[in-house]
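Working notes, beginning with the structure itself.
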């Protein structure tokens, strides 16, 4: 017979409703359920690992396989950073480019999976403040990594980059003889070097000499040596944008490999600058004058850029001449702007002149009409000797007033090289005086130490003097160079448009002197003379006559020192903010941990 418990089970299965007459109601959907952590037993919401955040962070290390220290190499000469495979890149501190270079040096972030085979995702990267002379860069990284199926942890940590010095290939080539591959010879067929002094300032401001191995100077020009053809081509392109030039290129075979069909050449580029210079007096051909807005044939060279700017000294009409037009039919100046050709004049009086129309039948603008003036002048050498006076119109008459000193061309005593111009002068159809510019400061008053009292000074290129200039005539060339430099500085003093393209630094005289405030200056005089050098145009340069730090004895900080320190602190992180990168300042670093706890 069947056992009793089998018969009871069969009866129970045959009548299920009898076993559960009143079933219990089911739990409502949406009720929060808590589980216990498998490690510490703390109630937590359920997750795939059933582990709390603290236990999960202590068990799994998110930064495993990611280096927290790396090395960066920087060239001390050109301040560029080594990228890879001999490539160097220039980038500023706290910039986006430098951040990309730093992230490429961190192992464990390059591949999709790190050494443990788990995916790593970079969430954020920001700069952390370091001491300026510590040779360290710090980057704060925030990453995410999947430690278990469906469980992702996020953690922030700091990576330290040690900066090492290493010379790049270009800087190494500077110390080797004959290592240049391309030579740029810049020449101008004139008797002075004022154009090269101006070109030198343009090169310094735009940094066009970067990548140049060495620079050698001659009496009529300069030689620039480059390690490859590309850098020389970029330098020539810069010259085309600032001065009118024409270029001739040649190459010389150094060696060749017939098996691999590889040849080694050295390239030479001859760059000839237009021989016209600022303040030269020209007598244009009639056809050329008609093509330049029907300007007067007697014109002054106002300034030189990628085109030649001309101005009529009697009416103020301006025009430009393209370099192609000049090189097609070169024009020789009838008077060059040398100190021996310029005569000093004292202004005795002036009357405003308003021209309704110029020679091209075009109405003059109000700006140029108000600048013309009829000047009454006398030679400075004739003061107290005779009563000779001259009355001539000038385009810079608005700058001058009674008692001022100016320089100009005395056409009554100079003989012109052009036959047509000489015939016009003999016939009395040319003015007696052409005013060139106004003199300022101690130069106008004739002081002996006028050059030392100048408010500004200029930076110079580091050049090598050629062997041809080291001979017997070296002393004579040095005296000529000093004269050319002084003439160039006088041009800079009297031309604001020229100073815009240059970096002028404060001299010791400018640091000690203060210009009068705007309230004490007559408004008419301030509006009239807009060519004078102002202190707000000058930059703060380095003080070269101070000793090393702490050698002065007095180490008390002044208000200026404190303000400079505050300005330096304010500039920290400015570049990072422009590039949209987070930056932790020196105050935030004190509260920051090297590695934060991981968070799910």
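Just so you know, glycine gets a Cβ as well, placed from its N, Cα and C.
What TrEMBL says about a protein is an automatic prediction, not a curated fact.
What TrEMBL records for 1-25 (among others) is region 'Disordered'.
According to TrEMBL, the compositional bias 'Basic and acidic residues' annotation covers 1-10 (among others).
Sequence annotations record features per position, and here TrEMBL assigns domain 'Nmd3 N-terminal' to 37-273.
Per TrEMBL, domain '60S ribosomal export protein NMD3 SH3' is recorded for 276-323.
Residues or ranges marked as domain '60S ribosomal export protein NMD3 OB-fold' by TrEMBL: 365-438.
What TrEMBL lists as region 'Disordered' is 508-600 (among others).
As annotated by TrEMBL, compositional bias 'Acidic residues' applies to 521-530.
Annotated compositional bias 'Basic and acidic residues' per TrEMBL: 585-600 (among others), in sequence order.
Each residue in the domain '60S ribosomal export protein NMD3 OB-fold' (365-438) gets a DSSP state, and the totals come to 18 helix, 24 strand, 32 coil.
Remote same-chain partners of the compositional bias 'Basic and acidic residues' (585-600), defined as residues 6 or more beyond its termini with a Cβ less than 8 Å from a stretch Cβ, comprise 47, 53-54, 56-57, 60-63, 128-129, 140, 151-158, 569, 572-573. Taken together, the residues of the domain 'Nmd3 N-terminal' (37-273) have an average pLDDT of 86.
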